[in-house]
There are 2 protein chains.
Amino acid sequence: MSDKIVAHIEANQKKYVDRLAEAVGIPSVSGDASYRHHVFEMADWLANEFTKVGAQVTKRPLGKQEIQGETIDLPPALLGQIGNDPAKKTILVYGHFDVQPALKSDGWDSEPFKLVHDEATGRLYGRGSTDDKGPILGWLHVLEAHKELGLDLPVNLKFVFEGMEESGSEGLEELVVSEKNGFLAGVDAVCISDNYWLGTTKPCITHGLRGCAYFYLTVSGPARDLHSGVFGGVVHEPMTDLISIMSRLVTPEGKILIPGINEQVAPLTDAEREVYNVMDFSLEDINSATGSKTTISDDKVSMLMSRMRYPSLSLHGIEGAFAEPGAKTVIPAKVTGKFSIRMVPDMDGQKVIDAVKAYVEDEFKKLGSRNTIEFKHDSPGLPWVADPNVSAQAYQHWNYEAAFRATEKVYGVRPDLTREGGSIPITLTFADTLNCNVLLLPMGRSDDGAHSTNEKIDLSNYIKGTQLLGTYLYEVASA
Amino acid sequence: MSDKIVAHIEANQKKYVDRLAEAVGIPSVSGDASYRHHVFEMADWLANEFTKVGAQVTKRPLGKQEIQGETIDLPPALLGQIGNDPAKKTILVYGHFDVQPALKSDGWDSEPFKLVHDEATGRLYGRGSTDDKGPILGWLHVLEAHKELGLDLPVNLKFVFEGMEESGSEGLEELVVSEKNGFLAGVDAVCISDNYWLGTTKPCITHGLRGCAYFYLTVSGPARDLHSGVFGGVVHEPMTDLISIMSRLVTPEGKILIPGINEQVAPLTDAEREVYNVMDFSLEDINSATGSKTTISDDKVSMLMSRMRYPSLSLHGIEGAFAEPGAKTVIPAKVTGKFSIRMVPDMDGQKVIDAVKAYVEDEFKKLGSRNTIEFKHDSPGLPWVADPNVSAQAYQHWNYEAAFRATEKVYGVRPDLTREGGSIPITLTFADTLNCNVLLLPMGRSDDGAHSTNEKIDLSNYIKGTQLLGTYLYEVASA
């Protein structure tokens, strides 16, 4: 990318911050029906902004959704395109403009939907600042810089921005599949900026994601909630049964106790181990991100492998039991325990589901309870790796090479090649459906607090990240 | 009691039902600050009704309370008196005019605060119908009958009605202690109608209650909720630790696993076993009450002893974890597990607390987690028995004899002498502070669904129960 564009981006920082404030100011929470109109508002705002910088933008309806007992419209996906030169490569960019819920009372230091620029630390606080409005605006500003400088893009750019990523990306997979030979025809590679550096100082490029399978165990017995004075000791209590089963899923050290899960994990090679060894990551990074000293291991490689290449099981909560503050002595009649398993290669969705179901039902039988258990699961999000046989220095696809070179140019350092512990199911859909290379090129840092309170993006990441996205397009063009 | 009074009560059924509808129509939920004004409204309504039938009623303020972050006034206790004849015995009556929360959406078939008289079954449905507005109105109607028939009561009657029973009876114990030599001076015995028959056909008199100790286990670690993709497998998760500890408290068969609890239970004598043997109670009663077949044992004596004379431990829920419908993949940063232990003679409150604390902290250490656990408890409600050495036929205090004879006259059957699994802590306060005999004389049936959905009282229990309360006063007078 020319120094002129780099300088232009540098010079427009204030405008970019103001625009991020506008975007953060629209509380586009996808998981709450009462906020849905804001997700539509956000789609309109983005469509307008991208149109102004020269993109052809279509708002694509995705149908309807059942949420909180209501049937409401899904927010549209934005399909955009700029450039159509057969001599150029075509890059597809993905992002999402919906956000996680946030209330000041959750523990935020400021209003979550009002961007706060802390000049002392250079941080921009606000829901969506890093996940994923900042990165989307990065692409916008790359286009704007070209328009304002009167320059053509070095590639043809297409984008798909969705408004349901935080709520299961409803409708998106169908759209991608249906547009395979339509809008998405001719895509040479995909670039997604919706994850984070491994630490807080060194950029990375991400070539893998864990998948996620979500489970619901419902134990029921009595027809109604019971008085624990009258019935305590007399009946099998659903909570006692459920807690017993939930305690058999995973140890406090994170070991999954369900037979047939760990057996599916791809064996570790020496080459792969070396990848973790060289990564820029420290115990301090993770302690700073969690605000605690609660890692299971203090060993760097062990921590990285737990996050990137081994499955994990988290217990999220119980529906139907007493969850409010204070004391209540009722015996709940029906309780649903919820947990998820992060999946890695070579785990198979159906095999995982079968193993969990068999184990849970067996263990429940052992309880000898007269209550009943019901097992449910969501459709599992599978793990994704662009190439499982990577080593630190040897990922050779031109898409990755372009990202490496761009990062070196902008940050002066060769990025780590990482895998992410989280899940972005659409990544796998892009890879499989479009049959092309996909990479994740993060803008923010590990301590940005996506999904948490006081979400932020550092101004330097926001600005250099924008330069990175632009530079990446030039490196793709020359690859 | 004269046939005239019995007939008068019989003749006024419709008025009594209408009055119960009025009382149920005031949603006097004590556990929710936004309903507090209705508890005051209920106190006013009752004070007015009892004044109209000749009682001298005082509304006694009980100070303030912290609830849901607000400081609000506690509802007053109603202190009432009718008659002051030194030649007569003085009976103290207790009841409560607050109720448990109820929403139609909890699963009620009708609006909980609108009394529904199902003529086909003779049932009166509504929150508070049996717990405890029906019994309070029973006393009201005994007084009204005497006034309308121009008769004097056979005893001096005092009453204490509170509006915080469902929320820990805040302020009441202090009131009883402070009025020991004041308003409560001269009380010869106490009668409480705030529990239920053992089954659905045979009346009972209750001479014991289990106590209740309530515990809070808070496991915390990360400074904020964490993304389970990024941190799952890497950190010690508070939920995993908490569920593991909660699973070690009690078995699905109801066996308490905390050392030092079961050891405190008074040994069973042959005489006591015989009490359970003769009680009118069946598996069908309990299955009908729970709407299920989920008893741990099908043996009558075993079920009765589990409810009346052995401790039990119930897991109520988890605060801070995901409790709503749907899927959420967060790792909660801080979770509080809540459970209670029903206490029986000879369990000691402090010994129970010490045993739970020691066990929980020991077990937590075994986990090897880097999270921390915090142990809290409420002030325990102790168990009460009017006489632990009872046999079915040999409870000889005149207060109990009067209740036996009254029940035989009204129902034509000698009642069972039972203990209750639930807790009414003020019972023990009355017994110890006033140093006099206390009995529980229930009006409703085991399947009334107090604290549950579709709470009801049978019209026959409401009317015959009123006759019972009146007859009891006459039997006391002639004892």
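Backbone N, Cα and C define each Cβ position, glycine as well.
Note that the structure is predicted; figures quoted are calculated from it, not measured.
Among the features that TrEMBL reports, active site is placed at A:Asp98. According to its DSSP assignment, A:Asp98 (active site) is coil. Within its own chain, A:Asp98 (active site) has A:Ser28, A:Val29, A:Ser30, A:Val39, A:Met42, A:Pro75, A:Glu162, A:Gly163, A:Met164, A:Glu165, A:Glu166, A:Ser167 as residues 6 or more apart in sequence whose C-beta sits under 8 angstroms from its own.
Residues or ranges marked as active site, proton acceptor in TrEMBL: A:Glu165. Classification of A:Glu165 (active site, proton acceptor) by DSSP places it within a helix.
In three-state terms derived from DSSP, A:Asp194 (Mn(2+) 2 binding site) belongs to neither a helical nor a strand segment and is classed as coil. Annotated Mn(2+) 2 binding site per TrEMBL: A:His96, A:Asp131, A:Asp194, in sequence order.
Residues or ranges marked as Mn(2+) 1 binding site by TrEMBL: A:Asp131, A:Glu166, A:His451. Long-range Cβ contacts of A:Asp131 (Mn(2+) 2 binding site) within its own chain (separation 6+, distance under 8 Å): A:Val99, A:Gln100, A:Asp194, A:Gly444, A:Asp448, A:Ala450, A:His451, A:Glu455.
Per-residue confidence over the domain 'Peptidase M20 dimerisation' (A:208-366) averages 95 (mean pLDDT, predicted model). If you look up TrEMBL, you'll see A:208-366 marked as domain 'Peptidase M20 dimerisation'.
The number of other CB atoms found within 10 A of the CB of A:His227 (site 'Important for catalytic activity'), across every protein chain shown, is 22. In the three-state DSSP classification, A:His227 (site 'Important for catalytic activity') falls within a strand. Marked as site 'Important for catalytic activity' by TrEMBL: A:His227.
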Integer Å distance between the CA atoms belonging to A:His96 (Mn(2+) 2 binding site) and A:His227 (site 'Important for catalytic activity'): 47
Same chain, 6+ residues apart, C-beta under 8 Å of the C-beta of A:His96 (Mn(2+) 2 binding site), given in sequence order: A:Asp132, A:Ile136, A:Phe161, A:Glu162, A:Gly163, A:Met164, A:Glu165, A:Glu166, A:Asp194
Mn(2+) 2 site shell beyond A:His96, A:Asp131, A:Asp194, criterion: Cβ within 8 Å of Cβ centroid: A:Gly95, A:Asp132, A:Pro135, A:Glu165, A:Glu166, A:Ile424, A:Ala450
Chain B neighbours, filtered from recorded positions A:His96, A:Asp98, A:Asp131, A:Asp194, Cβ-Cβ distance under 8 Å: none
Beyond the site residues A:Asp131, A:Glu166, A:His451: chain residues whose C-beta lies within 8 Å of the centroid, for Mn(2+) 1: A:Val99, A:Gln100, A:Gly128, A:Asp132, A:Glu165, A:Ala450, A:Glu455
A:Glu165 (active site, proton acceptor): tally of other CB atoms within 10 A of its CB: 24
DSSP three-state assignment for A:Asp131 (Mn(2+) 2 binding site): helix
Neighbour count (Cβ, 10 Å) for A:Asp194 (Mn(2+) 2 binding site): 25
Number of other Cβ atoms within 10 Å of the Cβ of A:Glu166 (Mn(2+) 1 binding site) across all protein chains: 22
